[in-house]
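Annotated in Swiss-Prot:
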BINDING   CYS236, CYS238, HIS260, CYS263  Zn(2+) 1 binding site
BINDING   CYS249, CYS254, CYS276, CYS279  Zn(2+) 2 binding site
COMPBIAS  156-171  compositional bias 'Low complexity'
REGION    151-208  region 'Disordered'
ZN_FING   233-282  zinc finger
Amino acid sequence: MSSINERPQDPSSALEQATQDVANLKSEFHHIMDEMQVADKTLVSSREQYLREDYVLHKLVKQHGSLTKDPKEGSITETVEKEMKRCGDLQQQKCILANTALYLVTKHLSKIKANIESLEEDGLLAPLDDELSDKKAGSVDLGAGIAGLGNGTAGSGSSSGRKRPASSSSANGKGQKRKQQKKERSRSHQRAGTVSRDVSPNAGIGRDPTFDALAYNDDLFKMNQGGEEDDKQLYCFCQRVSYGEMVACDGPNCKYEWFHYSCVNLTEPPKGQWYCPECRLEIANQKLNKKKKKQ
């Protein structure tokens, strides 16, 4: 593999060097994602553990009152604090892994940009802006082409965006309406996040296929980035943006509403109604209160 500071002799050697540098990137990403998945599963287990202990603690307080200290209260409190600290440590571990993946991409991208700049300085590669300016005179307006892609006139929106499994039917109310609005917003992100690669021959784009790729590269990247920046809503226990498979809680008053599969230990869409751990705990408390009132 070439040295990091070595200047490429020509464009082909720069391409070969970049290909060699990123050869192991996929396997490195797989390893990082596997580590994050393990941390996610452990975190979910710890969270369920301290929620169960917290429920037991509340039950003891209700039975004996807050002034009378139960012998089990100390050990339960210690367990809750221990599991909560463990959850915090796991979240920190996941942040470090995510930053590692970001660093790997940034490092390779910076090196590719530096090689391109050095080739331009040596006169071995024509500056991209100059090449596009020369070809613009004999082609259609790029702005109109990009607008056509953005409006869906040159290609249809891809359906490979974020997948949001439909929640099973539940009682009508504010919770259901709120989840439906989130589903519609998710679908709009899917349509805006990716555009089709199939461009109609009659779309009025320049004849040179190389020019086509260069002309739309930066604008499409900015457009796609814009679609992702719109969805800054935080979901789930982990309070992160939406990604991958997500499931909606059927609890009408759920404060999170959407959950990542890995955070709730799911691998496939649940059958029937599904409630998050906190809503399940709330439902259990409601049933317990009803029984006490009947007694």
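Along the chain as shown, the residues are counted starting at 1.
The backbone N, Cα and C atoms fix where each Cβ goes, glycine too.
A map of Swiss-Prot features onto the structure.
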| residue | record | contacts (Cβ under 8 Å, 6+ apart) |
| --- | --- | --- |
| CYS236 | Zn(2+) 1 binding site | MET246, TYR256, TRP258, PHE259, HIS260, CYS263, VAL264 |
| CYS238 | Zn(2+) 1 binding site | ASP40, LEU43, GLN91, LYS94, HIS260, CYS263 |
| CYS276 | Zn(2+) 2 binding site | CYS249, GLY251, CYS254, TYR256, PHE259, VAL264 |
| CYS279 | Zn(2+) 2 binding site | CYS249, ASP250, GLY251, ASN253, CYS254 |
| Would you list the DSSP helix, strand and coil counts for the residues of the zinc finger (233-282)? | 10 helix, 8 strand, 32 coil
| task | Within the same chain, and leaving aside CYS249, CYS254, CYS276, CYS279, name every residue whose CB is within 8 angstroms of the centroid of the CB atoms belonging to the recorded Zn(2+) 2 site, in sequence order. | result | ASP250, GLY251, LYS255, TYR256, GLU257, PHE259, TYR275, PRO277, GLU278, ARG280
| said: Mean pLDDT across the zinc finger (233-282), rounded to an integer, is what? | reply: 88
| said: Cβ within 8 angstroms of the Cβ centroid of CYS236, CYS238, HIS260, CYS263: which residues besides those meet this for the Zn(2+) 1 site? | reply: ASP40, TYR235, PHE237, GLN239, ARG240, PHE259, SER262, VAL264
| request: Provide the number of Cβ atoms within 10 Å of the Cβ of CYS249 (Zn(2+) 2 binding site), excluding the reference atom itself. | output: 26
